[in-house]
Amino acid sequence: MSELDAKLNKLGVDRIAISPYKQWTRGYMEPGNIGNGYVTGLKVDAGVRDKSDDDVLDGIVSYDRAETKNAYIGQINMTTASSFTGVQGRVIGYDILRSPEVDKAKPLFTETQWDGSELPIYDAKPLQDALVEYFGTEQDRRHYPAPGSFIVCANKGVTAERPKNDADMKPGQGYGVWSAIAISFAKDPTKDSSMFVEDAGVWETPNEDELLEYLEGRRKAMAKSIAECGQDAHASFESSWIGFAYTMMEPGQIGNAITVAPYVSLPIDSIPGGSILTPDKDMEIMENLTMPEWLEKMGYKSLSANNALKY
């Protein structure tokens, strides 16, 4: 048992999050899960479709395409949480199946917190990649949410269309859509919650390079909001990881950009050497394995190697 879990157990908290299903993860609080904990991950993606004469259907299909891009969360009943992963939680790629890229990462910049400490800000791509590796993609599905399951998610999104004639552009329309997610890890996870911050917007010029520059500015704005939220609760964070997704639209297309942090339990057959009879040991196994070690033990090829994933 980790030192953190030993401390939490004394407070009556367990972070066990095991699904009785084979292959599929299940949503936090679904009946039959083992343990009172949850596992979360970071997903930001964007999808498009050609515009039809039905705005509602266009929104449904473009949202579905964002859900099924990269880390596969298709066919779920998504319910909305606020934006915290607290004493019951672990994050894929960080707390379990840790990505080596997390330990190699260098801060992009720092933000001063209410207590005078500096909060290092990192690119969240290693954590985004980690969720893809665990859930799999639409074409290569691994331990994704069970079809039709009820998955609690921290989520936000934006939908916008690009008219066939750019001269007809109206407020709320644009050339692209983008989304962003941040996870900030509490310095003292026995006292404070780690925190998600989500953002999304419409891009109103045809220049993609300018959008990328703009998103770097959004990262600084998000870092400032993280520090301010920490001040409100007198909570300090040890690091923040911020990632983006975007898509540019062709004339006559509609785009949807989403930011999602699903709260799930882990199927036992995704845990090498795991047993439904020893859920506490199962969580320890996943905590002690790095992502490359897990991929090797499961016989999976990396989906994110060589920067293969675009968000």
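Cβ coordinates are placed from backbone N, Cα and C, and glycine is handled just like the others.
Quick look at what Swiss-Prot annotates:
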type	residues	note
BINDING	ASP64, SER82	substrate binding site
MOD_RES	SER83	pyruvic acid (Ser)
ACT_SITE	GLU198	active site, proton donor
ASP64, GLU198 as recorded positions, winner by CB count within 10 A:
GLU198
Which of SER82, SER83 (the recorded positions) has the most other Cβ atoms within 10 Å?
SER83
Which whole-number value in Å describes the distance between the Cα atoms of SER82 (substrate binding site) and the residue listed as 'active site, proton donor'?
10
Spatial separation of GLU198 (active site, proton donor) from ASP64 (substrate binding site) - C-alpha basis, Å:
19
